[in-house]
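According to Swiss-Prot:
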- 164, 169, 201: Mg(2+) 1 binding site (BINDING)
- 169: Mg(2+) 2 binding site (BINDING)
- 216: N6-succinyllysine (MOD_RES)
- 224: N6-acetyllysine (MOD_RES)
- 259: N6-succinyllysine (MOD_RES)
- 261: N6-acetyllysine (MOD_RES)
- 317: phosphoserine (MOD_RES)
- 1-32: transit peptide (TRANSIT)
């Protein structure tokens, strides 16, 4: 545990508002050959947006147009590194929203056309997650699986709570610090059922399929074996992270037990079905923006020219009023 605490205390410089880049190792080079990002506005400002393009340079929605699962057709013959044949069927695309050790709460803008990544704004202010001793920012590379949706009108059969109206979240536990906007391939290991203000907010535990240690990880027990203390720290982080903002501790289904890979895959399957209903206009999506360019039978599909017009309507001018959160440590005693 002492080794884990030393690791968690090692954070990025306070001035690093947002880590951006196009590559962070073998897996990222492969993924970024398929997807690219384009910034508009200035990081750490309310007008900042990070849009996505496919390999041909056309704008896409990361929420809707990036496939949930990795497959040979999508990869165009690019070989996987160290992936076992029986695991290849369970490789998923993950969109990285928040690099490990950073505080800016970046998220896919589900209610905006083309769903760029932006920084979450609450009460007119940019949202930053607090540093709770001994942690620094997010303690994993944090992001989401595309083509998933936790339906706010449907009770989860496991938690008996409605969904949180977002794609399913992922905590990537690999050895590399990734970049906002990267699309990587991950192996699913398990899942945690967070109940956030009465809503189901699943947290997948996964590892980059091209991480140097990925071959050792196949299920949730491998996390306990090879990264002792990490799951306990994850549970504690999610329990406390809203307390500095004056909110109560979060609760969990299953008494905070991490469920295994098989359970996690069923949850992913369910959220993917909810997303399909959303894109086919078979359920109430509310304010969710379903504009896409690649889902052929979706009534929300638009042309490449229309997608370009939507992106170009967003201001690309730098905002001089960028703001970085003051870095303080919160000590929460019991």
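Yeah, the Cβs are placed from backbone N, Cα and C, and that goes for glycine too.
Small disclaimer: the values here were computed from a predicted structure and weren't measured.
Projection of Swiss-Prot feature records onto the structure.
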residue	record	Cβ within 10 Å
164	Mg(2+) 1 binding site	21
169	Mg(2+) 1 binding site	21
201	Mg(2+) 1 binding site	22
216	N6-succinyllysine	13
224	N6-acetyllysine	15
259	N6-succinyllysine	19
261	N6-acetyllysine	23
317	phosphoserine	9
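Distances between the Cα of residue 169 (Mg(2+) 1 binding site) and those of the modified residues 216, 224, 317 are shortest for 224. Reported as a whole number, the C-alpha separation between residue 201 (Mg(2+) 1 binding site) and residue 224 (N6-acetyllysine) equals 22 Å. Cα spacing between residue 261 (N6-acetyllysine) and residue 216 (N6-succinyllysine): 14 Å, rounded to the nearest whole number.
A Cβ within 8 Å of the Cβ centre of 164, 169, 201, the residues given for Mg(2+) 1, is found for these other residues of the same chain: 150, 163, 166, 168, 194, 196, 199, 200, 202, 203. Ranked by CA distance from residue 259 (N6-succinyllysine), the recorded positions 164, 216, 224, 317 have 224 at the top as the closest. Nearest by CA distance to residue 164 (Mg(2+) 1 binding site), out of the modified residues 216, 224, 317, is 224. In this structure, residue 201 (Mg(2+) 1 binding site) is part of a beta strand by DSSP. Rounded to the nearest whole angstrom, the C-alpha distance between residue 224 (N6-acetyllysine) and residue 317 (phosphoserine) is 47.
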